[in-house]
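Visitor: One structure follows; several queries about it will come next.
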Amino acid sequence: MSTPILETKAITMRFGGLTAVDNFSLKIGKTDLIGVIGPNGAGKTTIFNMITGIYEPTEGIVELNGENIVGNRPAFITQKGIARTFQNIRLFKDLSVIDNIRLAGHFRVDYGLVASIFRTKKFHAEEKRLEDEAMELLKIFGLEKKKDHLAKNLPYGEQRRLEIARALGTKPSVLLLDEPAAGMNPNETKELTKLIRWVRDKFQIAILLIEHDMKLVMEVCETIYVVDHGVQIAHGVPSEIQNNPKVIEAYLGTDAE
Amino acid sequence: MFEFFLHLSPLIGINIILAVSLNLINGICGQFSLGHAGFWAVGAYTGAAYSVYGALPLPDELNLIISCGLGFIAACVAGLIIGVPCLRLRGDYLAIATLGFGEIIRIVIMNTDAIGGPRGFSGIPKWTNLFWVSLFVVITVVIIANILRGTHGRAIISIREDEIAADSMGIYTFKYKTLAFVIGAGFAGLAGSLYAHYTQFLHPNGFSFMFSVIILLMIILGGLGSITGSIVGAIILTLMPEVLRFMGETVSQWRMVIYSVLLIALMLLRPGGIFGKHEFNPLTLFKKKGEEA
Ligand SMILES: Nc1ncnc2c1ncn2[C@@H]1O[C@H](COP(=O)(O)OP(=O)(O)O)[C@@H](O)[C@H]1O
Ligand SMILES: [Mg+2]
């Protein structure tokens, strides 16, 4: 593996008496596609929340390009290059599709409040750039015709796609996807499988994928981590994971979905 | 009747500024504040103190602009001082904290003798007229609308939509909550100074928590998040007491009860307010549903 772009070193998260994640370590290289699987409540989303700064790990560190990012605000971590989607989609529902994407470019915008009030040249130039970049992403995701629709009015599958597009709008070097196939039918899931691989190749970024649906992860990911009750019980390429008795017992045996 | 309307219209304008500025905080940024009367008071007393004690030898029009500017700045400062600790709270807690601060402002004024204390502040020159009110209404609406159609405004709206998602998009949510709060407070202060130079007399009891509730009613009526809605809400609720008075004393005494019934009816029939989160724009009336942005 090349030098890791993102690394968690023995991160632990305790909520009162409950240890949701226990000493979890993982490494992601520059263009890796890595999966984290585990039954419901295993601690997968909590791992994402610790990486993105929504929770501060009780113990352990998270390194982005070798630099510890624990203790920073989620906004800062996003600006440093980690973007994410959410298990239960979190779009700006009452905003248009294109405004959702424009907001991803917000922190790079180079004009102030006064420029916005007086509609200066710089304001128009920057807004134009924002719009062009947003349109480019919308085209890639086949949403350009719906740019003025409210996000909440999109069908479910398109909302998922928009959320991925919006995350890419922050120009991340690592993309975290939390159960992107949740609620999708087999057809949509197949499309998504292709899309995820394609995004990695096109944008040349690392992707960390949480899934509950084994099949998708087996197909898409090059390396898989398995967690159960907050503990990492296996780690390897899909074929190894598939035949690992521990995984079959802990994951497939108890929660075959 | 005409004279009556002439008297009322500056008050309508002042209430429009109050409603639009509160909407920036409550409806557009989604931070439930109940302290708007406090910022209004800060602006009113600051502007009045300038014209009573320190007015420069300038034309009245310039002095009005200066006193409105001072009211704006003073209320911004008050907004910053109150907003920074309060905006770390959410929902009900934020509402209670801002309500408390609003009342504290009123009590401080009550106990400051230089600005009249409980006797009220009198001797304020009458500089405000319909022209100046209209001008400041236009300025307020244009500035707030322009902010909303830029990246800072979108960031403010995104907090209302989903604060966690906004944070995850690299948006410093606390900074933008504070920005909305401070700008909203500032325009309330401006409205305060206009008000002071219109009524020529200020009394702390006129800035009580009840008036914050009335401004809140205006924006709920018009639709939280809609600027045009706030304008309509402000007009309706400024005229309402006069209409009720016209209908006789008993009806007028039941004013707050009638408001409550109206509010309940509105929540049942149109929970988002008259305009919801949207702006009234004749051009978009004919667009297909679902296409509106
Ligand atoms: N904020 C929280 N407070 C308390 N417990 C939590 C919190 N977030 C997650 N948990 C608990 O941590 C465990 C792991 O949850 P989660 O990471 O969401 O699992 P997964 O995403 O793998 O389904 C669960 O038992 C859950 O109830
Ligand atoms: Mg989860």
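Cβ atoms are placed via backbone N, Cα and C, with glycine included.
The shown structure was predicted, so the numbers you read here are calculated from the model rather than taken from an experiment.
Checked TrEMBL, it gives:
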type	residues	note
TRANSMEM	B:6-25	transmembrane segment
TRANSMEM	B:37-56	transmembrane segment
TRANSMEM	B:62-84	transmembrane segment
TRANSMEM	B:91-109	transmembrane segment
TRANSMEM	B:129-148	transmembrane segment
TRANSMEM	B:178-198	transmembrane segment
TRANSMEM	B:210-237	transmembrane segment
TRANSMEM	B:257-276	transmembrane segment
Visitor: Are there residues at least 6 beyond the ends of the transmembrane segment (B:91-109) whose Cβ is under 8 Å from a Cβ of it, and what are they?
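Guide: Contacts with the transmembrane segment (B:91-109): 31-39, 41-42, 45, 78, 82, 85, 115, 117, 204-205, 207-209, 212.
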Visitor: Cβ pairs under 8 Å only, please: of the recorded stretches B:37-56, B:62-84, B:257-276, which one is richest in them relative to the transmembrane segment (B:178-198)?
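Guide: Most contacts with the transmembrane segment (B:178-198): B:62-84.
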Visitor: For the transmembrane segment (B:62-84), find every same-chain residue at least 6 residues outside the stretch whose CB is under 8 Å from a CB in it, and list them.
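Guide: Same-chain contacts beyond the flanks: 35, 38-40, 42-44, 46-48, 50-51, 55-56, 98, 101, 105, 127-128, 132, 136, 177-178, 181-190, 192-194, 196-197.
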Visitor: What same-chain residues lie close to the transmembrane segment (B:37-56): Cβ under 8 Å, and 6 or more beyond its ends?
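Guide: Here the qualifying positions are 18, 63, 66-68, 70-72, 74-75, 78-79, 82, 98, 101-106, 109, 114-115, 121, 123-125, 127, 184-186, 188-197, 202, 204, 207-212, 215.
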